[in-house]
Every structure is written in structure tokens, then in C-alpha cells.
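Below is one structure; the comments refer to it alone.
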Amino acid sequence: MPDRTEKHSTMPDSPVDVKTQSRLTPPAMPPPPTTQGAPRTSSFTPTTLTNGTSHSPTALNGAPSPPNGFSNGPSSSSSSSLANQQLPPACGARQLSKLKRFLTTLQQFGNDISPEIGERVRTLVLGLVNSTLTIEEFHSKLQEATNFPLRPFVIPFLKANLPLLQRELLHCARLAKQNPAQYLAQHEQLLLDASTTSPVDSSELLLDVNENGKRRTPDRTKENGFDREPLHSEHPSKRPCTISPGQRYSPNNGLSYQPNGLPHPTPPPPQHYRLDDMAIAHHYRDSYRHPSHRDLRDRNRPMGLHGTRQEEMIDHRLTDREWAEEWKHLDHLLNCIMDMVEKTRRSLTVLRRCQEADREELNYWIRRYSDAEDLKKGGSSSSSHSRQQSPVNPDPVALDAHREFLHRPASGYVPEEIWKKAEEAVNEVKRQAMTELQKAVSEAERKAHDMITTERAKMERTVAEAKRQAAEDALAVINQQEDSSESCWNCGRKASETCSGCNTARYCGSFCQHKDWEKHHHICGQTLQAPQQGDTPAVSSSVTPSSGAGSPMDTPPAATPRSTTPGTPSTIETTPR
């Protein structure tokens, strides 16, 4: 009894209170350990929760620090020196157990979201224990992976207790003659084994982010829920989860305390509300749930400090309600999808039936039209046949009406009419394309013909000019040869022989004389025609024409002599041979 009377005069979670709890609390859920010195506050900034409350900075191993609104003195030191404080062996074991439960809960929470996120969380946890990640990096990467921010007490808790786990890992690795990374890779189940530790509810570690659509773990409410209510009714000083941040401000409860013993500051007016704060909107669940959160809180109010711990235990059931809300939203979404599928199926059925009805009506009127044509051609037999198929007697007036109906465009959905219009449109496009193609081809042919005509005229002019120039050049050469007595009359080179018939033409050899004989024989020997009738001219053997061309005397003189007539006989006689 002296312990109980002393508890009313001490601070919350004082060493005396913690010693009392250590005797009553089972090993699965240990209370916060005792502190060995003055309260130490961390440098962690208080963070406003989603329901509008704030957590004040936590101290080492659950010792209370003055809240932000009630502190009269400054804080002592930063959280960097928390890991250097010596702890008793029993307290260290409890802190290691809490830290392992915390890491196991994080890993299982990631697995509940998805296997990929669970694997990423496991990698982050191993990196944190292996000292490859700092606590701040672990906090940011975990929030990025799960999209859930951790509660403000987590970083000071890790800074205070992670060195204990790392020292234990280093000690075990030295005993196994391995480095810590190898030992942790081989004995990972000792750190993240859910069967050896009792994991806490993930809602105690993570802030409420209902609007981002993340799910909560639905399968751990009984571990921290009403299954332990008889135990807590017998021992109200026991705490169901020593690292739970589930305390939330309530207007009916006044000042509440964090699970590690730190009182909350006076909160601002709430801006966000939990689902339990709006219990009136969820009457559909009250019939099969336990007594409401507000009733149990009013019942436990006379208990003082421990009533807040009972409220903390009740807060664990919030995940069940949120899980029900998620299922409700999912069920509503599935119902909407089913309604859309059903409406789409009905619409398709109606369209198919309309199409079939239109096709049957079209076939019916086609048969009526064919029967009417047969009636005109075949007579009474066709008339009786059409009367059997048609409910209306095929009189001439009705036939005219049916014919007009057939030629009138149908107002409903007629596949044949649509197909006919599509074919006509395609044919029209083809005709236009062919017309354009023919125009393009004819234009190209016309341009090519004009180009060919122009080029041909240019070519003809060029050829005519070349011929004229060649003729002028030939005449100039001939005239130059006739004027010169020293050049060959055929090729223009230096002449060495003279024609024996006229002693005028000069040649460079017998070849040129034979070549020029066709032109030269018309004028050769005209001046010596009278004297040459009596005697045969003596022709040099070197310049005798070929037999095929005939002798100069055998060839009759031309009627028209060349423009340059040889000189007089006296001149010819005097010309040296």
C-alpha cells in the first residue's frame, strides 16, 4: 500500500511508478524503463497530428519532460547524447524487446499494403540496423515507401534504443566471428520474426492519412483490443503497448499523456477529426461493436492517470472502424462497376434487338415487293401466294403503297441502306481520285510532249547549223585549194604531183587524185580537147587513174565547168611537169 499512496504524489511515469509496473506487467508488454538522471528532452520539434493535437518532445526511456505549454525551464541536452547513457541490464532488455516489436510491426505493415512495399520496408529496416542508413534517412525513405508519416515519438525512440540493438548485434557477430552485416543476413529472423514478439498496432506508429487511400492492417486489433480488457480491469496500472503513440486529445478528458509518460501540451482547436469523433455518422456499426469510445472514456475518468491508459487501449480499435470504412468504400465501388456493366449489357441487348427487328422488317417488305412483282407478272397464282405470306391483301393500291415505302429511305437503322450509302461514297471518292489522276497524267503528258517538241526543234536547228557550217568550211577549203598551186586539191597538204590531163590540178599523191577525180574529171582537159582528139595524152604512170573511174578522154566533158577554169594552152604548155 505505501507504493499506491506514493503514486498519487509523484509525477506521471516516475521511477516509483515504473517500478510498480515492472512487478505487475508481463514480459510481452513491458512498461517504459527507469531513467538514471535528470529528464532529457530531445531536439525533435513537436508535430501536429491529424486530429489537431501535438506531441511534445520525448525523453530517454520514457522519462517525462515538461510539455511545451507548462515548462518553466529550458531543456537540458540534444538527442545525440541519448545513446551514450548507461542503462541497467533489465531496462536494456525491455528496450530491445520494444525496438524489435517496433521494427517487426513496420515490416508487417508494409507487407499488408503490398509485397513490394513490404520488401522495401524490410530492406530499410536492415539498413537501419546495419548503420548504412541514418535515422533521418530511414524516416524519410519509410514515409516515401508507405506514404504514411511516422509519429513524432519514433525518431527520439530510435535514437535512444537503436544503439542498444546495434551493440547487441555487434556482440553476437563477434561471438560468431562475423561482421554485423553477415550475422544479420544469416539471422534476420531474430530481428523480424513476428512469432517471437508481439507486434503492436501499426496505427500507433503511423499518423492517420485516410485521405490518401492507404489501407490499415485489419488483423491485429485483437492483439491490442478488448481481448485484454479483463486484465486491465484487474491491474489498471498496466499498459497494453509501451511504445504506442495512440493518445489523442479529447475535450472531455482534459490533459492526456503519451505512452512514454510525456504529457501533451494544451492543443489548438481540432482541425481534423478521427472517425471515432464522428461516431454519430456510423450508427450502422454500433449494434455489433463494443461500447463506444466516449462511454468507456467517461467510465474511466475517475481513474485519473490510468484512465488515460485505458483510453489508449481503446484507441487501438480505430483501425477496425477504418477498415470497415475501407471495405464499405470498396463495396460501393464494386457495386457501381456492376451497375455500369449491367447497364452496358442492357444497352447492347436493346441495340441488337432493334437491329434484328429492323432486319426482319426489311426482309418482310422485300418479300412483299417481290410478291407484288410476281403478281403483276404471273397473275392469280402469284396473288394467292402473296396473300398467304402477307397479312394484308395485295390489292393494287396496297402494292403501290408498299412500293413507295420501299423506295422511301427508312428512318430506322437499316444496315443495307447504310452499306449502300457507304459504297456510293467510296465509289464517288474513287471517281474523283481517278479524275484527278487522269488530269494529272494528261497534264504531265502535255508538258512532256511540249518539252520533246522544243528539244527536237533545238536539235534540228543545231544540226542544220552544223551542216551549213560544214558546207561552208568545205567550200572554203576547196576554193583555197584551187587558188593555191602548191597545195593538194583533195586534202590541202603540200602538193608534189600534177594531173597529166590538164597539168593544172595538184595532188600530194595518187590516193588524193583518185579521191578528187569525181569532181576534177568535169574540167580536166577541156582546154586540150581539140589537140587530144588526134593523139592520146601521155599520162604519167604514177598518176594514171584507176580503171573503175575511166580515163579522162573517155569521160565526156561536163556542161558546166568548175568555177575556176585552168589557164590557156600556152600557159599549160609552159607549166613545168
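Glycine is treated like the rest: Cβ placed from N, Cα and C.
As annotated by Swiss-Prot, Zn(2+) 1 binding site applies to CYS488, CYS491, CYS508, CYS512, with the evidence given as sequence analysis. In the three-state DSSP scheme, CYS491 (Zn(2+) 1 binding site) falls into the coil class. All protein chains considered, the CB of CYS491 (Zn(2+) 1 binding site) has 17 other CB atoms within 10 Å.
Residues or ranges marked as Zn(2+) 2 binding site in Swiss-Prot (evidence: sequence analysis): CYS499, CYS502, HIS520, CYS524.
Per Swiss-Prot, the feature compositional bias 'Basic and acidic residues' maps to 1-10 (among others).
If you look up Swiss-Prot, you'll see 68-87 (among others) marked as compositional bias 'Low complexity'.
Annotation source Swiss-Prot lists compositional bias 'Basic and acidic residues' at 211-237 (among others).
Summarising the annotation, Swiss-Prot assigns compositional bias 'Pro residues' to 262-271.
Marked as compositional bias 'Low complexity' by Swiss-Prot: 380-390 (among others).
Taken from Swiss-Prot, the feature compositional bias 'Low complexity' covers 536-553 (among others).
Residues or ranges marked as compositional bias 'Low complexity' by Swiss-Prot: 560-577 (among others).
According to Swiss-Prot, the feature domain 'TAFH' maps to 93-188, an assignment based on sequence analysis.
The region 'Disordered' feature in Swiss-Prot is assigned to 1-87 (among others).
If you look up Swiss-Prot, you'll see 203-271 (among others) marked as region 'Disordered'.
What Swiss-Prot records for 310-356 is region 'Important for oligomerization', and it gives similarity to another entry as the kind of evidence.
Taken from Swiss-Prot, the feature region 'Nervy homology region 2 (NHR2)' covers 310-356, and the record attributes it to similarity to another entry.
Residues or ranges marked as region 'Disordered' in Swiss-Prot: 374-396 (among others).
Here Swiss-Prot flags 416-465 as region 'Nervy homology region 3 (NHR3)'. The DSSP breakdown of the region 'Nervy homology region 3 (NHR3)' (416-465) into helical (H, G, I), extended (E, B) and coil residues amounts to 50 helix, 0 strand, 0 coil.
Counted within 10 Å of its Cβ, the other Cβ atoms near CYS512 (Zn(2+) 1 binding site) come to 20, all protein chains included.
Applying an 8 A CB threshold to same-chain residues 6+ apart, the list for CYS508 (Zn(2+) 1 binding site) reads CYS488, ASN490, CYS491, ARG493, LYS494, ALA495, SER496, GLU497.
Across the domain 'TAFH' (93-188), the DSSP tally of helix, strand and coil residues reads 77 helix, 1 strand, 18 coil.
As a summary of secondary structure, the region 'Important for oligomerization' (310-356) carries 45 helix, 0 strand, 2 coil according to DSSP. Cα spacing between HIS520 (Zn(2+) 2 binding site) and CYS512 (Zn(2+) 1 binding site): 11 Å, rounded to the nearest whole number. DSSP classifies CYS502 (Zn(2+) 2 binding site) as coil under the three-state reduction. Note on the domain 'TAFH' (93-188): its mean pLDDT in the predicted model is 86. Other residues of the same chain near the Zn(2+) 1 site, with their Cβ within 8 Å of the Cβ centroid of CYS488, CYS491, CYS508, CYS512, are SER487, TRP489, ASN490, GLY492, ARG493, ALA495, TYR507, GLY509, PHE511.
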